[in-house]
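Enquirer: Take a look at this one; I'll ask things after.
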Amino acid sequence: MAPSKTRYEFGGPLGAAAIMVGLPLLFNVLYLTCNDKTGCPAPILLTPRELTWEKLKSQIPLPQDGIRGFASWEVTGWLLTYYMFSMILFVALPAQTVTGTKLRESGRCLPYKFNSAFSSTLVQLVIAAVGTYIQGSKFVVWMFITDNYLQLLTASLILSFGISIWVYARSFGVKPGNRDLRELAVNGHTGNVIYDFFIGRELNPRVTLPVFGEIDVKTWLEMRPALTSWILLNLAFVAKQHRNYGRISNSILLTTAMQTYYALEGQYFEEGLLRMMDVTTDGLGFMLTFGNITLVPFLYSTQCRYLAVYPVDLSTPAVAAIGAVYALGLYIFRAANDQKLRFRMQPDHPSVRGLPYLQTKRGTKLLTGGWWGMSRHMNYLGDWIQAIPFSISTGLAGYLILPASLAGASPEAMVMADGRVVVQGAAKGWGMIFTYAYVFWFGILLIHREGRDTAACAEKYGDDWEKYKKIVRWKIIPGIY
Ligand code: NDP
């Protein structure tokens, strides 16, 4: 069995509890306070001195039937149907078997069934394209997503908790030396229920279902519902913008295109997941389950949700600049990740053969040149740079929604199909709290992730890691951090 650790991360059990209570609440707050009823943010938030619950309540899209309206059996049923469909595609589409990295306890490797995540998304996009061709922006799936966003969020939260409880309970079936190669995550079984539930006890939970066969729960969740539903949510908001204004702005098209490419590329190179910390080190608990199936689709699609109500028309130079930043980030991200992969898998390849490295006592080599000589995580820097354009497309975000009678009140006013008027007014800039939350959060995630990886490497490599840190001084940004 992996040794039980008490080196807590995320502020230990208290921090984990705060995250598990706080994040679901925050996601609801983000939706309610940046809304398509009164504004982004809701106007009363701009004058905090006048803020009362009654006023706020009247400006946020609370369900008609109170707290019960946050959830819906029907919407939850459709979300589960969507997961089931994704599972059917997982079984039906051709895929190949790939061998995972060596497991810590047994030294053996698990097989994984890849790469049908990409083709599975393509099938879903083709269905959506046919539906959109027939029904236009009123395609039933797009309408369903935007009309039931809050209930979908609740269903996704319930599912995140449900899966986390299930994998936590099942993890107690992991026995040393079992034939199924089940293992506990090194940092996931401290004995503290709250912490272990959050961080994930079992490293590689798998389930064998009738008809569907064996499914590796973690990689399945990470690659399929998480990334595909992000794309679908974005497209639903593109359709909503079209219903609102009868046109599609270049900003929402650009954001959707960049994010879709990011998600599809991840799915196309699905195998790369096997070398990520998520698969090699972290157990499956609330952190990864919520992060994958709720945080990714619902936070990452915020920009398109915003642009559906406030279309931004970017100038051609702005489109070119945003595209260039994205391409730069993408290039660094991919080049750094590919270099490490090639160095490890094909050390004689001409592109990596001459690069300097540190031979460790553990047997593996650490690159000290190329991208990995500039900083210890240039791949994180590239990933963050490519995330900036997602938010920048929303500009100095913020809008107010005024009654139809005020149409023409301001030259910048935009009139929606239902007659309501959208202006930036006093909200200008304040909407950035919502539309830039992603890039801010992602920066924190990557800094925190770098710390976690460094701690793991210090443990794996001991003195060699200290030597490596002296050669490669910078953590993420050369010369700065
Ligand atoms: P990395 O791909 O950076 O892998 C870190 C591991 O690589 C270390 O544990 C070590 O493992 C090995 N390593 C470290 N330094 C070197 C070196 N100099 N030479 C050779 N090997 C080295 O980490 P992640 O798994 O965190 O990230 C993978 C990608 O996923 C990143 O590009 C990240 O940006 C992205 N990502 C995206 C997220 C999103 O939400 N969009 C979320 C999280 C990650 P060992 O030596 O044992 O092989």
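Indices start at 1 and increase along the chain as displayed.
Positions of Cβ are set from backbone N, Cα and C atoms, glycine also.
Found this in TrEMBL, in case it helps:
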- 12-31: transmembrane segment (TRANSMEM)
- 75-93: transmembrane segment (TRANSMEM)
- 114-134: transmembrane segment (TRANSMEM)
- 149-169: transmembrane segment (TRANSMEM)
- 283-302: transmembrane segment (TRANSMEM)
- 314-333: transmembrane segment (TRANSMEM)
- 384-409: transmembrane segment (TRANSMEM)
- 429-447: transmembrane segment (TRANSMEM)
Enquirer: State the non-local partners of the transmembrane segment (314-333) in its own chain: residues 6+ outside its ends, Cβ under 8 Å from one of its Cβ atoms.
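Expert: Contacts of the transmembrane segment (314-333) (Cβ under 8 Å, skipping residues fewer than 6 from its ends): 249-251, 254, 258, 262, 371, 378-379, 381-389, 392-393, 395.
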Enquirer: Given a Cβ distance threshold of under 8 angstroms, which distant residues of the chain, six or more beyond its ends, lie next to the transmembrane segment (12-31)?
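Expert: Here the qualifying positions are 61, 70, 149-150, 153, 157, 192, 194-195, 197-199, 286-287, 290, 294-295, 298-299, 302, 434, 437.
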Enquirer: Sequence gap of 6 or more, Cβ distance under 8 Å, 3 or more pairs: do the transmembrane segment (114-134) and the transmembrane segment (149-169) meet that?
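Expert: These two segments do not touch.
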Enquirer: Could you pull out which residues elsewhere in the chain have a CB under 8 Å from any CB of the transmembrane segment (149-169), counting only those six or more residues past its ends?
Expert: 24, 27-28, 31, 61, 63, 69-72, 75-76, 79-80, 83, 196-197, 200-202, 205, 217, 221, 284-286, 289-290, 293-294, 297-298, 305
Enquirer: Please indicate, using numbers and ranges, the residues of the same chain that are 6 or more beyond the transmembrane segment (429-447) and have a C-beta under 8 Å from a C-beta there.
Expert: 30, 33-34, 40-41, 45-46, 299-300, 302-303, 306, 310, 377, 380, 383-384, 387-388, 390-391, 394, 396-399, 476, 481
